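Participant: Per TrEMBL, transmembrane segment is recorded for A:12-33, A:39-62, A:83-102, A:117-134, A:146-164, A:184-204, A:216-241, A:270-292, A:304-322, A:334-356.
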Amino acid sequence: MEPKRHITVIETASILVSTIIGVGVLPLPLFAVNAGDSGAPLITFVAVLFATVGVVLIAVLGMRFPEQTIVQYGETIIGKWPGRLGSLLVIGFFAVLTSLTAREFGEVVVTAVLKKTPVEVTVIVMLLLAALSVRNNLTTFSYIHYFYFPLLLFPALFIVALSLKNADVQNILPIWGNRPVGVTRGIITITALFQGSFILTSVIPHMRRPEYAMRASMVGMLVAGGLYVIIVAATVSVFGAEETKKLLWPTLELAKATSLPANVLERLDAAFLAVWVTAVFTTLLSSYFLTIQSASQLLKLKDHRMFSFFLLPFVFVMAMQPQNIVQMYQIIELVGRIGLFITIAYPAMLLVVSILRKKRGERVDDRSNP
Amino acid sequence: MTTDRILKLGRRLIVASFFVIALTGCWDRLEIEERAVVLGVSIDTASPEAEAEEDEVSHLQGSQPVPSKDMVRVAVQIALPGRIPLGPGESGGGGKGSAGQTVWVVDVVGHSVDDAIMNLQQQISSRLFFGHLRVIVVSEQLAKKGLENVNDYFRRNSEVRRMAWMMVSKGSAKDLMVAAPKLERVPTLYLMSTLDEGIRMGKFPKDYIGIFWSNSSKKGQEGFLPYVEIKKEQNVEVKGLAFFRGSKMVGKSNPLQIAGYLGVKGINPAGYRVFVKLDGAPSTVMTAAAHRSSKIGLRIRNGIPVFSIQIAIDVNLEEKMGDKIHINDPKTLRRIELLQEEGSDKSYKDFLEMTQKLGSDIFGFGEIVRSKQPAFWNRHVKSKERWQEMYKEVEFEVSTSIKIRRIGMKGK
């Protein structure tokens, strides 16, 4: 497959945004208030900064090796076998992330909407949908994201804006929080929600102008991070920090407490869930794609499609491992923390080594050729 | 070729997955007539003897122990499909004033709310659906015992909306479910509109169940609920505010003190009327508040928060009792203003003092301390319990400014 270079900057940014916004938005305010009560928006903001560091590392690496993904340049930078080990970790981590995303999605749906539907069914439907969609090439992949991006961002902003009717600024004061406990933990957990941004490494080799990868990633982080901070600020200012701590999915509760003007719709949780299902799908699509594309590149296969259904049973079985919702969130937090080593520490290490060893990928010559 | 085979397999899987997607929708299919749509719920305490009424639905003697001897009586108002007119055009049966027409009221006892609901489900064929629950009434007796169980059950239930109303009834809560006020076809909608209209007329603050929950959770604030009573024409009177401390009701106010709350918070529109007595009964006038605004300042004096509350109210003169005074004189108006200011100052202070005695900070003064003076809060208060104690000692400086703006259509 000849890498065609025609993914634009805006498409890259939209891939980032719609990948990052996913299941995590529902428990996000809970993570944030548990760390810093009324300082929740600030905690989220700091987490966004940390996540941005990770994205910047990947973007810089991508710009050094504009023809390759992390699986390929990993081998160049730190040698064949260490590189392969690193790639294996990336593949394993994103497979786990995919399964946890699907499971979290299933739990929310079964708790909040389809109470009698077995969780296995909601999970497998979502995974099947992702498995089918990743069979497309990267161009179609980026179009899917580009298409859903506005459908995801604007309704979410709209719902948040409406909810501000019930907001009270006093609830998010003082902005640094009263008794912040476990700030570091909270920041790490929220930073982990941005790990989908790793998809950038697959996108850069197909960008029309890889040197703009940094610009795209900044725009993407600004939009996704901005939305996250806004959601946390809105939720906490509507409910207050203490009430938010009592809610499992504060963002969903926010939609539930929000009504359209003149009570056309008295609760927006159904509308919000519809948007959210799309958001989960795009997230799942990216992590699934990243997993199978990296796996096929590791094995030097030409086509990534082969893995799409091969991976499905493994991901599904992993998704079914957590025994209950409390355990699931413990696992998600743990996996997220471990994941930071893979999504931030590993690229950082690669970058340092590549600078020390003065390794560079080939430059892209024909930029005008679409 | 292998890729061919994979492609074929892929295609088959696509077809199979379509089946999966098409079939899944049916698990939660529930036709509207198969639902028992619950519009209102009332919760009373029940005597331990009520246990005799109950069958062992969610517990067994011995093996599944019951939590305690305290029982609750839960009554639900279920909408009857087809009986609720959908628009003004359908004039249905009308006339008869019983709740039996559009809704069905069933009551049951249980050891907890969920237990009672389960007992009820055992007696009702359709699945109980709480998505349209608008009003939850709890009796004063239950509220005084504590609403932990009630709050927990409804917070956990994903169908319940945060825009529903919760209210405390004087006497039996079930009476409000059975009552059938004539103004609305559906009794709970009447209950709801009593309060919703109250908000619009400036007679009641916004206090949906979600707001009550949020306020009770806050460290520097307590929740309150509307306190209602059923009157002889099956109409409902808003009798005041029921103060909570944590999830226990600790006291109640009278109706005019709701205006006290609204005034301190500066909530608009304003809608209460008061008498102002100028030299003796014959020259008493009545004024109606039109606009309120308030400013709350905070400073710390000798380790105690001092709140200065400045309330400004625009009023219109509505009524005069005798002919002795002429209100087309600015001096008279000024006198009325001053007299009312004096009276208001005192009533606000009394009201604040009353909540202080109960240790129930329904205004959220503690939240002001927490957000504006975090250093003081972190050092001296920290917890909700500590604030409940400290609230009894805080000081208030209230000053009211009344301005009469209009006197109606009469010149004198």
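Quick reminder: no glycine exception, Cβ is built from N, Cα and C everywhere.
Would you situate these features in the structure and describe their surroundings?
Facilitator: Outside the transmembrane segment (A:12-33), and at least 6 residues removed from its termini, the chain residues within Cβ reach (under 8 Å) are 40-41, 43-44, 55, 101, 104-105, 108, 141-142, 145-146, 148-149, 152-153, 156, 186, 189-190, 193-194, 196-197, 199-200, 203-204, 207, 212-213, 216-217, 219-221, 223-224, 227-228, 231-232, 235-236, 241, 244-245, 247-252, 254, 276, 279-280, 282-284, 286-287, 329.
Long-range Cβ contacts of the transmembrane segment (A:39-62) within its own chain (Cβ-Cβ under 8 Å, at least 6 residues beyond either end) map to 16, 28-29, 32-33, 70, 73, 172, 174-178, 180, 183, 186-188, 190-191, 193-195, 197-198, 200-201, 204-205, 210, 213-214, 216-218, 220-221, 225, 228-229, 232-233, 236, 241, 244, 340, 343-344, 347-348, 350-351, 354.
Sequence-distant neighbours of the transmembrane segment (A:83-102) (same chain, 6+ residues past either end, Cβ-Cβ under 8 Å): 22-23, 70-71, 74-77, 123, 126-127, 130, 195-196, 198, 280, 283-284, 287-288, 290-291, 294-295, 297-298, 311, 314-316, 318-319, 328, 331-332, 335, 338-339, 342-343, 346, 350.
Long-range neighbours of the transmembrane segment (A:117-134) within the same chain, counting only residues 6 or more positions beyond its ends whose Cβ lies under 8 Å from a Cβ of the stretch, are 98, 102-103, 105-107, 109-110, 141, 144, 280-281, 284-285, 288-289, 292, 304-305, 308-309, 311-312, 315-316, 319-320.
Same-chain residues lying 6+ beyond the ends of the transmembrane segment (A:184-204) with a Cβ under 8 Å from its Cβ atoms: 7, 12, 15-16, 19-20, 22, 24, 28, 31-32, 34-36, 43-44, 46-48, 50-51, 54-55, 58-59, 61-63, 66, 69-70, 90, 94, 97, 138, 142, 210, 213, 217, 220-221, 224-225, 228, 283, 286-287, 289-290, 293-294, 333, 336-337, 339-340, 343.
Within its own chain, the transmembrane segment (A:216-241) has Cβ neighbours under 8 Å at 9-10, 12-17, 20-21, 25, 28-29, 32-33, 37-38, 40-41, 44-45, 48, 51-52, 55-56, 58-59, 153, 156-157, 160, 163-164, 166-169, 171-172, 190, 193-194, 197, 200, 207, 247, 250-251, 253-254, 257, counting only residues six or more beyond its boundaries.
Same-chain neighbours of the transmembrane segment (A:270-292): 15, 18-23, 25-26, 90-91, 94-95, 97-98, 101-102, 105, 109, 112-113, 126-127, 129-131, 133-134, 141, 144-145, 148, 151-152, 155-156, 159, 196, 198-199, 201-202, 251-252, 255, 304-305, 307-308, 311, 315, counting only residues six or more beyond its ends whose CB sits under 8 Å from a CB of the stretch.
Through the fold, the transmembrane segment (A:304-322) approaches residues 95-96, 98-100, 102-103, 106, 120, 123-124, 127-128, 131-132, 134-135, 288-289, 291-293, 295-297, 328, 331 of its own chain, all at least 6 residues removed from its boundaries and within a Cβ separation under 8 Å.
Tertiary proximity for the transmembrane segment (A:334-356) is limited to same-chain residues at least six positions away from its ends with a CB under 8 Å from its CB atoms, namely 50, 53-54, 57-58, 60-61, 64, 70, 73-74, 77-78, 86, 89-90, 93, 96-97, 100, 188-189, 191-193, 195, 197-198.
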